[in-house]
Amino acid sequence: MKPALLPWALLLLATALGPGPGPTADAQESCSMRCGALDGPCSCHPTCSGLGTCCLDFRDFCLEILPYSGSMMGGKDFVVRHFKMSSPTDASVICRFKDSIQTLGHVDSSGQVHCVSPLLYESGRIPFTVSLDNGHSFPRAGTWLAVHPNKVSMMEKSELVNETRWQYYGTANTSGNLSLTWHVKSLPTQTITIELWGYEETGMPYSQEWTAKWSYLYPLATHIPNSGSFTFTPKPAPPSYQRWRVGALRIIDSKNYAGQKDVQALWTNDHALAWHLSDDFREDPVAWARTQCQAWEELEDQLPNFLEELPDCPCTLTQARADSGRFFTDYGCDMEQGSVCTYHPGAVHCVRSVQASLRYGSGQQCCYTADGTQLLTADSSGGSTPDRGHDWGAPPFRTPPRVPSMSHWLYDVLSFYYCCLWAPDCPRYMQRRPSNDCRNYRPPRLASAFGDPHFVTFDGTNFTFNGRGEYVLLEAALTDLRVQARAQPGTMSNGTETRGTGLTAVAVQEGNSDVVEVRLANRTGGLEVLLNQEVLSFTEQSWMDLKGMFLSVAAGDRVSIMLASGAGLEVSVQGPFLSVSVLLPEKFLTHTHGLLGTLNNDPTDDFTLHSGRVLPPGTSPQELFLFGANWTVHNASSLLTYDSWFLVHNFLYQPKHDPTFEPLFPSETTLNPSLAQEAAKLCGDDHFCNFDVAATGSLSTGTATRVAHQLHQRRMQSLQPVVSCGWLAPPPNGQKEGNRYLAGSTIYFHCDNGYSLAGAETSTCQADGTWSSPTPKCQPGRSYAVLLGIIFGGLAVVAAVALVYVLLRRRKGNTHVWGAQP
């Protein structure tokens, strides 16, 4: 059932069942093989819990699990909650993921059902079903969250002690023992086996035969005590295993046979397998790596150019952090985590393009220095490098180069080891992974809604609309993007409702993507996130790969939604209401409608009604109230959730815009003198803040509105366009000073010894995006500066000698005079 039809289905369901609990389950009134269904005499949809309309066996068949997430590498044991077997010994549990991947489960002594997650080649929400009759039927269903290996907590995996040492083993001054550690409680068994698994992608690149595969290679240790640590001296692997250059270690219970798939396990991070490479590598690692670098270079030259379809990097660090719809922090170089930028020395922060490129599944990376300057590979080996395989993978995943982490390792990271870390051939790598210099970057456009509520449109118009109901913030037919919001009255300190309202829920969908809703949680006042009307938990993971979007939650009070089109939403709690910011790339120009205005660089038509009629600038607050009411949501197209009888009766059954609600208009605001004085001190000239203090009688609400408004203004400042002149090369046989290429920046040129500068010594980036002077040339011969130095140096020596001579003559004369005195 499409989410847009959910309100109608709920309406029918609520009418049939009333506000009480559902009937007793029988063969027709069961959730067996019906999870998510609304039809029938009782509901198996997630909203049924709040409405009291669930079938009585809802929890038995629509499964909740703990934990709900784990590494896509598999091996995580999880428990089915709210369901126990009465006779555990009779059960034969099989867990089936994505309709085809089966793992053996079990029932513990307390009757709880367990499953083990399988090795997957994708991240995101994975549907699974459970059979208790040895695979004859799978009536129970749930969802498992497969996570990128680097986002898994250290409690859930084994750690390579000094991981750099593992990946440099066999190179100069790196030998001896290697160690790994793990948490014993994470794998409850007496003895363990440690295995090496290798990853490869075979077949013609970008063909149907191109496949990804993890393979069991050989054991490092068998039947050893589960002590939490292991140390060994690596030996070169037999020739038959040498083709695997990247892989991971797996720790399993020794009762399992070698290489047994999909059993409870702890994995290490994937890493370069330097420690298992052949004697040829250990005897001359530089020569060996140089050969591999050249082979990679030859392969790259045969593959299609993926750089052309990548998004352009933001020009500054502030732009990169503000453009949250298209770029997100690279966990390998994060200034919020101490800027440990192993692969990008000189950078303090990197971002990656959120969405992989459509055709090749590639990814952009952009890195910045402490002063916010973009760091380019043309200037530094620490510069940002684009990726043939996006580190986070790309839907539909599973096949190269779209496998999360692993495709990136093969085509972008392992080659970096060959060319840059194990051999001094980094220019070869950088030539094929050049940084984007941001000349064509265009910042997104920003609109916001916050406070009581106040709106700032994409073209900069601001207004206040105090409607009670559900409204269209944004519609864009270009990508079928829809953003809707629910507004409800606030509460005064005496418990009465205010005549102002605020946003309490925001929902978004683009095309046939998932529907995500962010709303105020009734009990905590924090945020609650719903996916297709089901409340999500973020106790284990703060990042989720969803259909058509990515979702990130920060500290429980800010949610970022990144859509496939590059559009982005940020929803946060500010005081008693939600604050929402919407970012749209330039391609949405002339394609938007709704309360956030018509994006076309013309603020005079932002008050456009559904009919196309435009209210002129200077429209009265009363007329603007009618404009807002014109953009009400319809039941048939609502994205919002109605999972309580309060919501059903007040928003599903009632008109989407409450015509009985009397809003507060600016001309009607009055404050007692003492509160007015405090408001003036708090708000200054922020009229949004002043209005909200008057509307709610609360200084804290005014403060929240002022903060939200300031955040909008700061982000607007961060997203201001800047002019880039592009990278400027140093002269051959010379150097340049400066690596900033934005308007107003100056580059200085110098020649090597034995060369003279022909051309300007400096070049400045001009406002039109051109350099004031081209790169000069360094010609053979002494430079003019050196010649002038010699000339002036010689003159200085002559002058100094003359001065000494004069002083000595004077001293000699004085001595003669003094000697004649008594």
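Glycine too: its Cβ is placed from the backbone N, Cα and C atoms.
Cβ-based neighbour count (10 Å, all protein chains) for Cys31 (disulfide bond) stands at 27. What Swiss-Prot records for Cys31-Cys44 (among others) is disulfide bond, and it gives sequence analysis as the kind of evidence.
Feature annotation from Swiss-Prot assigns disulfide bond to Cys31-Cys35 (among others). Around Cys35 (disulfide bond), the same-chain residues at least 6 positions away in sequence with a Cβ under 8 Å from its Cβ are Cys44, Phe61, Cys62, Arg140, Ala141.
DSSP assigns Cys35 (disulfide bond) to coil, not to a helix or a strand. Residues annotated as disulfide bond in Swiss-Prot: Cys35-Cys62 (among others).
The disulfide bond annotation in Swiss-Prot covers Cys42-Cys44 (among others). Note on Cys44 (disulfide bond): other Cβ atoms within 10 Å of its Cβ, all shown chains, come to 25.
The disulfide bond annotation in Swiss-Prot covers Cys42-Cys55 (among others), and the record cites sequence analysis as its basis. Under DSSP, Cys55 (disulfide bond) is assigned to coil, being neither helix nor strand in the three-state scheme.
Residues or ranges marked as disulfide bond by Swiss-Prot: Cys48-Cys54 (among others).
Under the heading disulfide bond, Swiss-Prot lists Cys55-Cys62 (among others), citing sequence analysis as support.
Annotation comment: Swiss-Prot describes Cys725-Cys765 (among others) as disulfide bond, evidence class similarity to another entry. Applying an 8 A CB threshold to same-chain residues 6+ apart, the list for Cys765 (disulfide bond) reads Val723, Ser724, Cys725, Tyr741, Leu742, Ala743, Gly744, Ser745, Thr746, Trp771, Ser772.
Look at Cys751 (disulfide bond): DSSP puts it in a strand. The disulfide bond annotation in Swiss-Prot covers Cys751-Cys778 (among others).
Residues or ranges marked as domain 'SMB' in Swiss-Prot (evidence: sequence analysis): 28-66.
Among the features that Swiss-Prot reports, domain 'VWFD' is placed at 445-639, with the record citing sequence analysis. Summarised as a single figure, the pLDDT of the domain 'VWFD' (445-639) averages 95.
Feature annotation from Swiss-Prot assigns domain 'Sushi' to 723-780; the stated evidence is sequence analysis.
According to Swiss-Prot, the N-linked glycosylation site annotation covers Asn162 (among others). Neighbour count (other Cβ atoms within 10 Å of the Cβ, all protein chains): 11 for Asn162 (N-linked glycosylation site).
Less than 8 angstroms from the CB of Asn177 (N-linked glycosylation site) sit Thr231, Phe232, Thr233, each of them six or more residues away in the same chain. Look at Swiss-Prot and you will find Asn177 (among others) tagged as N-linked glycosylation site, backed by sequence analysis.
According to DSSP, Asn522 (N-linked glycosylation site) is assigned to coil rather than to any helix or strand. Taken from Swiss-Prot, the feature N-linked glycosylation site applies to Asn522 (among others).
The topological domain 'Extracellular' feature in Swiss-Prot is assigned to 28-785; the stated evidence is sequence analysis.
Taking Cα separation as the measure, Cys55 (disulfide bond) is nearest to Cys31 of the recorded positions Cys31, Asn522, Cys751. Cα of Cys31 (disulfide bond) to Cα of Cys42 (disulfide bond): a span of 9 Å.
Broken down by DSSP into helix, strand and coil, the domain 'SMB' (28-66) contains 8 helix, 5 strand, 26 coil. Between the alpha carbons (Cα) of Cys42 (disulfide bond) and Asn522 (N-linked glycosylation site) lies a span of roughly 26 Å. When the recorded positions Cys48, Cys54, Asn162 are ranked by how far their Cα is from the Cα of Cys778 (disulfide bond), Asn162 comes first. Within 10 Å of Cys751 (disulfide bond), judged by CA to CA distance, lies none of the recorded positions Cys48, Asn162, Asn522. Classification of Asn177 (N-linked glycosylation site) by DSSP places it in coil, neither helical nor stranded.
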